[in-house]
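Single-structure report; data block below.
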Amino acid sequence: MSLLTHLLACLFGMGSWVSINGLWVELPLVVPQIPEAWFLPSYLSVLIQMANVGPLFVTLMHRFRPGALNEAAVIYAIVGLGTAASFLLAFFWRETAVVAGAPRSVALLVLTFFLATVDCTSSVTFLPFMMRLKPQYLTTYYIGEGLSGLLPALVALVQGAGVVHCVNSTGSLNHTRNSSESSATFDLRAEYQPANFSVEVFFFFLSAMMLVCLVAFLLLNYHPSVARQRPSGRSANGVKQKCARERKRAEQKPMMDPYRPASRRPRSSFGTGSYSWTQVFYIFVVLAWTNALTNVVLPSVQSYSCLPYGNSAYHLSATMAAVANPLACFIAMFFPIRSLVLMGALTLLGSAAGAYIMSMAALSPCPLLVHQTSGAAVIVLAWVLFVLALSYVKVIIGLILRDEGHGALVWCGAVVQLGSLLGAVTMFPVVSVYSFFSSGDPCNTRWLSTWQRLAAKDADNSNDAAEGA
């Protein structure tokens, strides 16, 4: 296997979600300077789901006009659009326009919609393109997809985005009936630290990453050493590979499995027919479930589950979870197990860790072991286990559907976006509309809890004194 091809497949995968992931980690520096403030994450969630019009169009074309859509041309278009949108964000993200009598960040929201369309559409175009390479490179692609979340997070960490320092602030509270007698209380106030470099530089970095993805895709199509890594050794040019009639036949007729006896009847009409319809349904349900949890449901409550344990626990859980994603893909490169039983077991394990995380978020700002080091260690471990198990499940499903053919990978991307959509529809009203979760203060959780105990004790003493009188 070519090391160059592995590198290009990884760089290609990094361009899948790097723009939106980068925008999320940059929010602590963006929101103080725009009129939407912290309502922006809610707007972003809606825009990302609206951007599913891209994968919907590709999936419908695949279903009703198989072979009519030039896959390579679509990838060139969306990666080019993502590069341009990221570049323009560096210049216009703070620009506002008056809409309905109030200033709005129109340029930021419009460009974010373009970036979301690019990233959502990559789910139904990048994966099917990997059918042109040997199966081993699909795992490398997933490693790159995991790095699309880790790399922007590391750059934002170097930048100092979201780094909070607790600063002492002194206040005066009156505890007696005599206004002249008061006692001082010491409180901790969270302050975001200044960034080491500007938001504009960070957006230029995202644009450069999309440009790297575009160059990697060009080389995957035209580099001679990559052509030797194709299953049939044919040229990579998406236009010259097949005529339109052959592409249509490839879409309508599943790939033949050389290891399956000719006399064996297919168990279903999906892909090669290696799996029954019940197993196909099971695979896609697990795929939608894991993507709903990892892409939307649990990330939307990460701050609620971690901040009560302190700012260090929050940053450590976010960083380690981002590392766990490519690590799971790296493990799958050496252990590419296609077991449906293992897939189910890992899904249950990851879901159990996710249930613990969700429970701690619901109990915020006073979850279990909130004032103990073991509590922070357990929540970080839960996040790592959750991401590690479900990321490996997604690789298993990708390998299974890759064996089933090009059309199976298109449906794989569509189900990924469907799962994310269902997760967003579920969590948006719970988090943003009904405010079911209460945020913990990384600086004052312990102090507020202590003050509440002292206040309760003081109230009890006053009541006892009143009864005695």
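Each Cβ is built from the backbone N, Cα and C atoms, and glycine gets one as well.
Curation does not apply to TrEMBL; its annotations are automatic.
Features of the protein shown, as given by TrEMBL:
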type: TRANSMEM; residues: 38-61; note: transmembrane segment
type: TRANSMEM; residues: 73-93; note: transmembrane segment
type: TRANSMEM; residues: 105-129; note: transmembrane segment
type: TRANSMEM; residues: 141-164; note: transmembrane segment
type: TRANSMEM; residues: 201-220; note: transmembrane segment
type: REGION; residues: 228-265; note: region 'Disordered'
type: TRANSMEM; residues: 274-293; note: transmembrane segment
type: TRANSMEM; residues: 313-335; note: transmembrane segment
type: TRANSMEM; residues: 340-363; note: transmembrane segment
type: TRANSMEM; residues: 375-401; note: transmembrane segment
type: TRANSMEM; residues: 408-437; note: transmembrane segment
Contact call for the transmembrane segment (375-401) and the transmembrane segment (38-61): at least 3 Cβ pairs under 8 Å, seq gap 6+: no
Residues of the parent chain within Cβ reach of the transmembrane segment (141-164), under 8 Å, 6 or more residues beyond its termini: 9-18, 21-22, 25-29, 126-127, 130, 190-197, 202, 205-206, 209, 311, 315, 318-319, 322-323, 325-330, 332-333, 391, 394-395, 398, 442-443
Whether the transmembrane segment (274-293) meets the transmembrane segment (38-61): three or more C-beta pairs under 8 angstroms: no
Best-contacting stretch, by C-beta pairs under 8 Å, relative to the transmembrane segment (73-93) and drawn from 38-61, 105-129, 313-335, 340-363: 105-129
